[in-house]
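Feature annotations, courtesy of TrEMBL:
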type: DOMAIN; residues: 10-130; note: domain 'Peptidase C39'
type: DOMAIN; residues: 163-442; note: domain 'ABC transmembrane type-1'
type: DOMAIN; residues: 475-708; note: domain 'ABC transporter'
type: TRANSMEM; residues: 162-180; note: transmembrane segment
type: TRANSMEM; residues: 192-214; note: transmembrane segment
type: TRANSMEM; residues: 275-293; note: transmembrane segment
type: TRANSMEM; residues: 381-404; note: transmembrane segment
type: TRANSMEM; residues: 416-434; note: transmembrane segment
Amino acid sequence: MTKKVPFTEQSEHSECGLACTTMVLNYYDDNVTLSHLRDVYGVPKGGNTLTNLKQILLDRGIETKAIRVLDLEILEEQATPTICFWEERHYIVLEKLTGKEATILDPASGRKKIKRAEFEASFSNIALILTDVDVTITQRKNKKNATWLILKGILTDQKAKVALFIALTLLIQMVTIAIPRLTQMIIDNANVAVSNIFQIGSTIAILFIAYYLLQVARGLVLIVLENLFDLTLMKAFMKKIIHLPLRFFVNRSTGDLIFRANLSVIIQQIMSQRMLTISVDFLFVFIYLILMVNLSLKLTLIAIFGAFMMGAISVVNSKRVQSITNKELIAQSKVQRILVELFEGMETVKSSGSENQFYAKWRNEFKNQIMLRAEKNRFSTWVRTIQTSIQFILPIVLIYVGLFQVTKGQVTLGELISFNALSGAFIAPIVTVFDSYTEFLLLRSYFGKLNEILEAKDNPRLAIDGETITTVDSVNVEDVSFKYSYFEEEILHSVSFQIEHGDKVAIVGKSGSGKSTLLKLLAGLYDTTSGQIRFNDIDLKQIDDVSLKKCISIVNQKPTIFNASLYDNIVLNQAEATDERVEQAIFDSRVDEIIMNLPLGLETQISEGGMNLSGGQMQRISIARALVKETSLLLMDEPTSSLDNISENFIMNRLKTYDFTCIIVAHRLNTIKHFDRILVMDQGRIVEEGTHQELLALEGYYHSIYFDPTNAV
């Protein structure tokens, strides 16, 4: 049997090449994970080139050659797997190519078979073929499944509730066993039953009440356990999300993250409603089996055969259902991503007249999701119908065969009816187990999607016992270089400067010169590739993250406004902010002008994302938020780009009155003329430094961009 290529799904929109590389390595028993390759090599903006993939494979012992394929017969003759360039923008793995069809693994949509003509139409005629393989076979580390550990922890911590649930289930099963026995006694002793009609009626009533109360009690306990599963899993997910470094989110879609978060509900349902219930109910299968054998071995064998047939059908077809469901999960994630993009960018969609394009994009992906669901349901219907048909006919078959035993005196009529009831109770949990078999297999897929989040590395600064600071008295940047990923060119090159407490420093330069990246490094959002940033002569990487965030305020290029009151948007997490400080921040940021035009003033509710505010108003609120915080270092990334000149000049003048250190990436040079120092950047380097007058006197780069209107900064 031909060895199959293990499938790896891409998690970021630009990592299809890295996912394909992971599949090839896994095929040759190098059990490296996608997350490990991502940690080592990163994902360049726009994705990896074939040259990058070639280098990664070479680093791990596989030599390859990139070729242009003009005849598909070349690929037929090559040893697979082969990485193929797809639709001029994507990578897939070719597992098998024949005269009629191709088997491919698309990291964005899963394994699939397509017609040869379809492969030829999408193939971009460039492939990475393997020429020599000398990998170090690695065993996948027996890393504990993070999601399973959380769920296991719930079961351990809630032993009393789990024990109560099991006890109630056992009692329910005992009541269930009593029904066939009572039925047998009534039928086989009809005369006695008639004379004891009141006692029998009372027994039936007691059984009904007991069954009802036990089911209600078990249901209430199950609700508590379900809520605990949901709450604990989501708390772990959200806690992990907020502690991940910014790098983790750069290439990930919000829709995909929301989709993964929602998987906790599905996991909770399978774990609580299926696994807990079935595990206990299944114990009674053996008790039912013993009781059935005591009544009739022949009928028991027939019941076992029927149960075996139903179970075998489920197991045989489970892989097919799992494969379709995995594709459906990927499709659901894509639909979620499109919806989030649409809702978040509705203003752009409307203003650009792109409604129909987005609708068509959503329709195509949603149609694909529906088709996959329909395919799964059609397949499941055929399989389930066979099972239900067997389950439907089995009681009649048992009665038919049993009547022959009744006529021969081997069993009584009451025993036959009792056996039929027991067989139903015997088969029910078996059928449920096999019906749930596919769901249990899918737990692996669900766990995998959550585990990628839960097992991701936290912000490294959170893992250290760092030094605590209360203020930022000095900033030293020493020979700092930075690049986002292994294969990308450096964005910053040997940047060095020093800033003392209270200095107001501006960073200027053309777009793409590295200004915003430098600010992110100063904020601790990224770590330097080389060189060092020091606050108070302490390496920034060694400073406690909580104390660092207390000392720094940041005004981002794109301010984030929350669905809350204007006051809450300004104060945010600064609950200790005094009224005087809030009022001062409102005045210095010109938010007071916004308040004058709002019906409820500071209590006016702001739409999510600031949809009911202008760009300039959002920037003012963002500046006010930073000023409310008692900070010693204020970092601002083009904070006034949407403001009018008068408001901008007013705010800049007010900033000079504060005692904190301020580093600002400037959009308009006129507004920072009176700053203490100006750092001029070009292509990732500081090319000039000084005051406005000093830089003009140099008649260099700053002079040219200041007086040249075409060189907008």
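FYI, residue positions are counted from 1 along the chain as it appears here.
Glycine residues also receive a Cβ, built from the backbone N, Cα and C atoms like all the rest.
Residue counts of the domain 'Peptidase C39' (10-130) by helix, strand and coil are 42 helix, 41 strand, 38 coil (DSSP-based). Outside the transmembrane segment (416-434), and at least 6 residues removed from its termini, the chain residues within Cβ reach (under 8 Å) are 176-177, 179-181, 183-184, 187, 274, 278, 281-282, 284-285, 288-289, 291-292, 295-296, 299, 303, 306-307, 310-311, 313-315, 387, 391, 394-395, 398-399, 402-403, 405-406. Mean pLDDT across the domain 'Peptidase C39' (10-130) comes to 88 in this model.
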